[in-house]
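First up is the structure itself, then whatever we jot down about it.
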Amino acid sequence: MGLTFLLVSFTCIYAHGQQHPKVKSLLQLSDGQYFADRDSAYLDPYYGLKKLIYGNKRFAENKSIKPRQTDADLKNNELGQKPFATIIGCADSRVPNEIIFDQGVGDLFITRTAGQVMAEASYGTIEYATEFLNTRLIVVLGHESCGAVQAAMKLPPNPPGHIVTLINAIKPASIYAKTNADTDAKALDLAIRKNVLEQVALLRNLEPVLSRQFASGDVLIVGAIYNLHTGSVEFIEETVTSLPKFSEKEMAQK
Ligand SMILES: [Zn+2]
């Protein structure tokens with residue numbers, strides 16, 4: 001009985017977007033902690049990752065501190081920007097990036113399109129952040145109940161106007177999910193996850209800038225999914241375990 005309760009509790013907690021145990025262990029996340037050092041986040045992208053995770057924990061637990069939004073903070077920003085992370089997010093109005101990660105003005109460099117679909121201008125925007133702003137962390141952020149992915153799942157034959165660009169970009173993930181999930185609800189979740197994974201892979205291999213920066217470990221590129229119901233962001237385990245510092249090869253050398 002006790003064990004059953006524990007298992008049920010664990011399943012519920014995990015389903016609500018908490019970090020996977022392996023992710024917690026690799027990033028050395030502490031349960032009772034809500035803050036990561038801000039200056040370190042600019043120098044070390046792994047601190048940036050922790051900073052986003054702790055910020056989201058504050059938001060999801062109703063403990064947001066709304067940092068760096070005072071008049072003095074705005075005045076400081078006149079001197080320039082130094083964001084510690086780039087977020088590639090969906091345009092969905094329910095996923096406001098600074099709010100869900102509890103970050104302030106000047107912290108996040110963001111590009112948002114429906115289904116976080118990227119094209120040439122997005123690539124240039126992301127490369128600008130890593131090359132000229134020295135931002136060392138990139139997060140592809142999908143979310144549950146994504147309307148763009150839902151639309152792509154219907155495989156519409158003639159989407160109007162430029163919407164066809166979005167549908168075509170998400171179509172491979174939709175087809176994968178339709179053939180690998182046993183229910184429609186599971187298929188949507190799988191397509192959302194697969195779409196993020198493909199976008200992460202695309203950026204990691206994007207030549208000539210990001211592929212080099214990712215391979216050298218200068219820039220981290222990870223995927224995450226926001227849960228609209230709980231407010232929690234789950235960082236996808238396989239995108240964290242495959243980071244250069246944690247990859248099988250690196251681990252074997254230690
Ligand atoms: Zn969406």
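Just so you know, glycine gets a Cβ as well, placed from its N, Cα and C.
Bear in mind that TrEMBL entries carry predicted annotations, made automatically and left uncurated.
Model, not experiment: these values are computed from the prediction.
Pulled from TrEMBL:
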type    : residues                     : note
BINDING : Cys90, Asp92, His143, Cys146 : Zn(2+) binding site
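Listed in chain order, the residues near the Zn(2+) site other than Cys90, Asp92, His143, Cys146 are Gly89, Ala91, Arg94, Val95, Ala114, Gly115, Gln116, Gly142, Glu144, Ser145, Gly147, Ala148, Val149, Tyr226, each with its Cβ within 8 Å of the site Cβ centroid. Using a 10 Å radius centred on the Cβ of Asp92 (Zn(2+) binding site) and all shown protein chains, the other Cβ atoms total 19. Taken residue by residue with DSSP, Cys146 (Zn(2+) binding site) is part of neither helix nor strand, so it is coil. For His143 (Zn(2+) binding site), the same-chain residues 6+ apart in sequence whose C-beta sits under 8 angstroms from its C-beta are Cys90, Asp92, Arg94, Val95, Ile192, Ile225, Tyr226, Asn227, Leu228.
Cβ-based neighbour count (10 Å, all protein chains) for Cys146 (Zn(2+) binding site) stands at 27.
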